[in-house]
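Q: Grabbed the feature section from TrEMBL, which reads as follows:
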DOMAIN    284-451  domain 'Helicase ATP-binding'
BINDING   CYS511, CYS514, CYS551, CYS554  Zn(2+) 1 binding site
BINDING   CYS538  Zn(2+) 2 binding site
DOMAIN    546-720  domain 'Helicase C-terminal'
Amino acid sequence: MPKTYVDIAFPTAVRRLFTYQISEDQTIMPGMRVWVPLRNEYAIGMAVQVHEHRPDFKTKPVEQVLDDEPIMNETMLQLTEWIHRFYYCSWGEAIQAALPVGLNFSSVKKLRVKKSNRDQLTKKEKELLEDLEAGDYTLQNARKRWRDGVEKKLLNKAIKSGWIEVWEQPRQRVDYKTAKHWKIPASIEPKEILEDLSEKGQSKKWEQAFEELTKLDLPKTHRDLLGDELFTPYTLKRIEEEGWIESVDLPVETNSQNIGVHDPELIKTLTEKQKNSFDAIREPLDERVFKSFLLYGVTGSGKTEVYIHALKHCLEQDRGGLVLVPEIALTPQTVQRFYQIFGDQIAVLHSRLSDRERFEAWQSLKSGDKRIAIGPRSAVFAPVQDVGLIVVDEEHDTSYKQFDPSPRYHARDVAVMRAHMENAVVVLGSATPGMVSVKAVMEKKHEMLQLPLRPTGTMPEVKILNLLEYKHAMKGSLTAELHLEIEEALERDEQVILLYNRRGYSSYLQCEDCGHIPQSPHSSTSLTYHKKKNILLCHYSGYSRRADTHCEKCGSDNMVSKGSGTQKVEEEMQDLFPDARLLRMDRDTTSGKFGHQKIYEKFLNGEADILIGTQLVAKGLDFPNVTVVGVVNADTELAFPSFRAGERMFQLLSQVAGRAGRAEKPGIVYVQTWKPDHPAIVSARTHDFKSFAKQELANREMLNFPPYSRMVVFQFKSKSISKIQTVSNRFCDAMRKVVGENVVMGPSPSVIEWMNGQFQWEANIKLKRTYNAHVIEELLNRIFDKYKSMKPKGASSVRINVDVDAVE
Ligand SMILES: [Zn+2]
């Protein structure tokens with residue numbers, strides 16, 4: 001009996017699979033994509049199971065098989081199925097996340113003119129149809145071209161009355177990446193210009209730059225040119241203003257990245273501590289069994305060297321490797337070190353790749369041409385063949401968690417699961433491991449490896465500046481001491497980094513006299529201040545009270561609301577240090593593709609004296625000339641209404657401390673705070689991760705927060721505040737019926753209650769940490785079934801997202 005049915009996963013929110021019929025001339029295996037009718041349209045789906053169980057409904061046939069062989073192997077199907085259950089998304093959504101564009105489910109809507117009697121059409125209508133016939137229009141293009149007035153109406157009418165048909169077809173083409181190139185316009189005679197210039201005598205810098213340009217083989221990319229110090233965005237713009245050069249967008253060649261020299265001889269001999277770690281990792285590699293390690297080592301302790309030796313060993317066994325790093329740390333500097341040793345065996349998968357580059361990198365790994373993949377979160381799905389080792393560097397980094405869209409997976413946890421499925425070894429590296437991993441070490445799930453010392457140099461000094469003591473000695477937001485240190489560093493031509501935190505979208509109340517921030521009695525997290533209603537709110541438990549007029553700690557009536565937009569640090573610093581050149585790095589200034597890298601290079605080249613930024617500054621940067629690092633107000637991080645606020649604070653301070661003094665000049669980190677006794681601050685000062693972890697875990701255990709439980713957050717979104725209230729309350733009622741009274745917290749408004757025209761509320765449940773994917777799925781199914789049976793009116797206008805192991 002031939003296998004005649006196939007279960008298909010679609011990248012929609014619907015979690016179930018759909019069964020289709022396979023015709024005799026079709027060969028379909030799990031992992032192959034198909035083109036099938038779905039409702040009134042066609043869609044691409046992934047075959048995940050082939051079987052002979054005739055379903056009790058009429059099945060439709062598979063229209064077309066899109067792949068000759070499976071594009072996903074069994075392990076990746078299994079891994080995406082696990083994500084589907086554990087993170088409660090559809091299997092298709094998980095598959096979509098694991099495949100590059102060109103191989104995933106993307107399709108385009110095309111327009112086809114139907115041959116029908118056109119006699120009764122008006123002249124205008126006929127013209128429209130003729131135009132459409134002449135061009136190869138997608139629905140999107142057509143809507144762009146006929147975008148307003150009468151013509152828009154005509155197009156809609158044509159679609160509605162069926163004169164033209166919207167036809168969906170799989171999109172398998174990937175576009176070339178283009179980049180800005182500079183060239184000299186054909187109308188320009190460079191020789192004449194140069195002659196004029198030389199007559200003038202001394203030439204300006206941009207004029208010299210132009211002379212240099214005439215010697216080059218143009219067009220060249222903007223980015224390539226910036227490698228030469230003569231060419232800056234300013235000089236190029238200045239020359240463009242003269243009309244001597246013009247920019248064009250041209251395709252760039254792939255693999256044009258300059259990532260240094262390949263020289264395997266440059267592999268470093270390991271120190272004794274490093275060798276101990278490597279030996280421990282080698283053992284399960286040799287035995288080809290699953291094992292997970294937490295490699296704990298401060299910044300600069302040489303974790304990368306351990307990774308490199310382990311990867312090399314892996315390649316010698318003829319197996320592949322996978323290295324995950326936070327997106328922000330995936331700089332040319334990071335890649336260079338790996339490239340030096342492994343050369344072309346490396347495929348780098350960063351977010352700046354074009355669809356085509358990503359597609360090619362993916363193919364080169366799948367074919368076994370390249371054996372090692374390096375990339376951010378999504379690289380956990382890279383089709384490295386026969387994976388032996390998976391490294392998750394900076395395992396505590398929050399960018400490993402995908403928030404939107406679904407699947408809301410955590411790449412670190414997916415990496416551990418993948419290693420488990422492939423009998424591979426997984427190494428989680430960090431200087432400040434997350435509490436989840438620390439707890440896993442305590443439970444003997446991970447083995448801990450330690451690199452306690454920096455091979456060269458020592459840890460920088462961390463100085464705590466108590467804002468209470470400096471109350472009457474402030475220069476703007478700076479204590480007199482930090483102000484003086486900055487001044488002196490600038491005089492010595494050294495650089496300064498100032499860090500402020502702008503998770504500013506939540507407001508909170510703080511006492512100006514003692515620095516106290518009101519806390520929730522239920523979750524020990526900071527209460528959010530809602531100005532309109534004048535209340536303080538706990539966004540975990542929904543607890544609320546009228547905003548305090550007096551400080552509950554010192555009795556002062558000096559309670560001030562703080563939060564978004566109150567920090568104009570950059571302006572203030574320019575006033576305080578008028579001669580200093582400032583550079584700002586935050587989400588706003590790094591939005592461009594190379595934004596982060598550009599600011600990094602500028603500061604490294606000494607083009608600015610003070611770098612001001614959010615936590616972005618703390619990640620993956622090395623500046624030898626920085627001697628003063630200041631944290632303007634550590635309390636803004638602690639004020640963030642999350643049970644992880646302390647952990648974040650500690651990680652942030654440790655990372656910042658790791659930045660200062662990595663070169664010959666000693667660096668000092670100054671931390672301004674109202675709470676010098678907070679465990680996160682005390683431990684960061686002494687670089688004592690262990691004592692911090694001990695206290696933090698004790699707190700979490702007391703309140704049953706993760707890692708002692710597993711938190712599932714339900715997010716409600718709607719345009720209507722009344723509907724969101726009704727629905728979220730009803731949903732929580734349903735949850736209480738299923739999981740019990742004490743497990744459910746909420747509903748309450750989210751930290752950001754209003755965003756993109758929608759209200760956001762949330763509720764959460766704390767589940768047992770030991771629940772596996774099947775238990776979680778079953779429980780969530782029961783919750784949603786219960787809710788369905790008691791849905792209130794208007795429920796369909798409220799969207800409910802599920803976020804398992806949410807990271808806020
Ligand atoms: Zn007070």
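Even glycines carry a Cβ here, placed using N, Cα and C.
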Q: Among the binding-site residues CYS511, CYS538, CYS551, CYS554, which residue has its Cβ surrounded by the fewest other Cβ atoms within 10 Å?
A: CYS554
Q: Tell me which binding-site residues (CYS514, CYS538, CYS554) have a Cβ under 6 A from ligand 1; sequence order is fine.
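A: From CYS514, CYS538, CYS554, counting a Cβ under 6 Å from ligand 1 as near, the near ones are CYS514, CYS554.
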Q: At the level of the C-alpha atoms, what whole-angstrom distance separates CYS514 (Zn(2+) 1 binding site) and the residue listed as 'Zn(2+) 2 binding site'?
A: 22
Q: With the Zn(2+) 1 site defined by CYS511, CYS514, CYS551, CYS554, which remaining residues of that chain have Cβ atoms positioned within 8 Å of the Cβ centroid?
A: GLU512, ASP513, GLY515, HIS516, GLU552, LYS553, GLY555, SER556, ASN558, MET559
Q: Ten-angstrom check, please: count other Cβ atoms within 10 Å of the Cβ of CYS514 (Zn(2+) 1 binding site), all chains counted.
A: 17
Q: What is the separation, in Å, between the Cα atoms of CYS554 (Zn(2+) 1 binding site) and CYS538 (Zn(2+) 2 binding site)?
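A: Roughly 22 Å, rounded to the nearest whole number.
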Q: In the three-state scheme derived from DSSP, which category covers CYS511 (Zn(2+) 1 binding site)?
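A: DSSP assigns CYS511 (Zn(2+) 1 binding site) to strand.
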Q: Mean pLDDT, the domain 'Helicase C-terminal' (546-720)?
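A: Reported value for the domain 'Helicase C-terminal' (546-720) is a mean pLDDT of 84.
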